[in-house]
Each structure stands twice: as structure tokens, then as C-alpha cells.
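Contents: one structure, followed by commentary.
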Amino acid sequence: MKPDIHPEYVETQVTCTCGASFTTRSTAKEGAIRADVCSACHPFYTGKQKILDTGGRVARFEARFGKNAGSSKK
């Protein structure tokens, strides 16, 4: 391995916009990372996930064209 070409691997404080923070290790130069979402506020992890397609697009497509319209068997 070549000397002095790798960035320094330091402890880094990760802070989310929701206020949650944790410490990890990273090569970030300033020692701090600001994140928009984290596991404390992301809808997938909190269980507050909204289902965008509530019986809409696929059901409408099947109603218009039938169930076998999308498949192309030759």
C-alpha cells in the first residue's frame, strides 16, 4: 500500500434534521455529516409509511385492457 494517499479515518458525528445524532467513523474532512433523513424519522422505519398506489394504477390498467394486456407471449 502506498503511504500518505489514503484519507484520514476519523470519528464523525452524524446529525439528522429531526435532531437525532450518532457517532460513526468516516473520511469526512470536517468530522460532521448532516443528513436529511435517518432511521429515527424515515417513514419506512417508523411505520408511518404511506402507500401511494391505493388500488389505483394497476387496477385501472387491468380494467381498461384486461389482465393479459401487459404480457407479450410469442
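Every residue, even glycine, has its Cβ placed from backbone N, Cα and C.
All annotation found in TrEMBL is predicted automatically rather than curated by experts.
So that you can see what the record holds, here are the features copied from TrEMBL:
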| type | residues | note |
| --- | --- | --- |
| BINDING | CYS16, CYS18, CYS38, CYS41 | Zn(2+) binding site |
Any same-chain residues 6+ apart from CYS41 (Zn(2+) binding site) with CB under 8 Å of its CB? Would you list them in sequence order, or say none? CYS16, THR17, CYS18, ALA20
Across all chains shown, how many C-beta atoms besides its own are within 10 angstroms of the C-beta of CYS16 (Zn(2+) binding site)? 18
Would you count the other CB atoms within 10 A of the CB of CYS18 (Zn(2+) binding site), including those on all shown protein chains? 13
What is the set of residues, excluding CYS16, CYS18, CYS38, CYS41, whose C-beta falls within 8 angstroms of the centroid of the C-beta atoms at the Zn(2+) site? THR17, GLY19, ALA20, ALA35, ASP36, VAL37, SER39, ALA40, HIS42
Neighbour count (Cβ, 10 Å) for CYS38 (Zn(2+) binding site): 17
Using DSSP, would you call CYS16 (Zn(2+) binding site) helix, strand or coil? strand
